[in-house]
Amino acid sequence: MASSSYFLMSALLALLSSQVIASDPSPLQDFCVADLYSPVKVNGFVCKDPMAVSADDFFKAANLDKPRDTMKSKVGSNVTLINVMQLPGLNTLGISLARIDYAPMGENPPHTHPRATEILTVLEGTLYVGFVTSNPNKLFAKVLNKGDVFVFPEGLIHFQFNPIHDKPAVAIAALSSQNPGVITIANAVFGSKPPISDDVLAKAFQVEKGTIDWLQAQFWEDNHY
């Protein structure tokens, strides 16, 4: 009886532990530079031979001090992401970085990172930012100025908007995954391939199917942001 209780307790602790560490795995060595060309498929990337690793594997001349073009974006923003695909030395380290440029009145539209918490620092300008919790969908929002910091919890829908009509804004974001992923809500809902059924979306948004058809046509024509 005691052994059965011990087994059940051990199984419960193992289950709880698996939930706690359900994120990027911790490294078991000093580094594991990603071999981006290996045919072996694993969760993440296979380690490059340590003897073939050089300082360049941990370096990228990313020019993150240079402004990015926001004119080609319909939402008025440009995200420059530095993840494991651009910097192989990030493999297994559970971190990545992004520079975000915002045109006047530009935004980084509502989106989510399924594998990362994000901490955002405003370098220039002003941003209205926020995130929405899971049901019942409470909004936490704040106006940020130069030097301010805001955190977006992992997996929650969040956004940034430059409310100033004549000045751009710039921010740097750190994310707690080597490959945080991004799901832009409008793109996912109205621009999926193949498209979600008109009936499903019309019912969900409580609008006519013609409105859904128009929205889907816009996103298919424009592709993704």
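Here, residue 1 is simply the first one shown, and the rest follow in order.
Cβ from N, Cα, C; glycine included.
All annotation found in TrEMBL is predicted automatically rather than curated by experts.
What TrEMBL records for 1-22 is signal peptide. Summarising the annotation, TrEMBL assigns disulfide bond to Cys32-Cys47. What TrEMBL records for 62-213 is domain 'Cupin type-1'. The oxalate binding site annotation in TrEMBL covers Asn108, His113, Glu118. Residues annotated as Mn(2+) binding site in TrEMBL: His111, His113, Glu118, His158.
On the structure: features taken from TrEMBL.
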residue: Cys32; record: disulfide bond; CB count, 10 Å: 22
residue: Cys47; record: disulfide bond; CB count, 10 Å: 19
residue: Asn108; record: oxalate binding site; CB count, 10 Å: 28
residue: His111; record: Mn(2+) binding site; CB count, 10 Å: 20
residue: His113; record: oxalate binding site; CB count, 10 Å: 23
residue: Glu118; record: oxalate binding site; CB count, 10 Å: 22
residue: His158; record: Mn(2+) binding site; CB count, 10 Å: 22
What is the interatomic distance between the Cα atoms of His111 (Mn(2+) binding site) and Glu118 (oxalate binding site), given in whole Å?
-> 12
How does the model score the domain 'Cupin type-1' (62-213) in terms of mean pLDDT?
-> 97
What's the CA to CA span in angstrom from His113 (oxalate binding site) over to His158 (Mn(2+) binding site)?
-> 9
Nearest recorded site to Cys47 (disulfide bond) by CA-CA distance, among binding-site residues Asn108, Glu118, His158 | Glu118
Can you list the residues of the same chain, besides His111, His113, Glu118, His158, whose Cβ falls within 8 Å of the Mn(2+) site's Cβ centroid?
-> Thr112, Ala116, Phe131, Phe152, Leu156, Ile157, Pro180, Val182
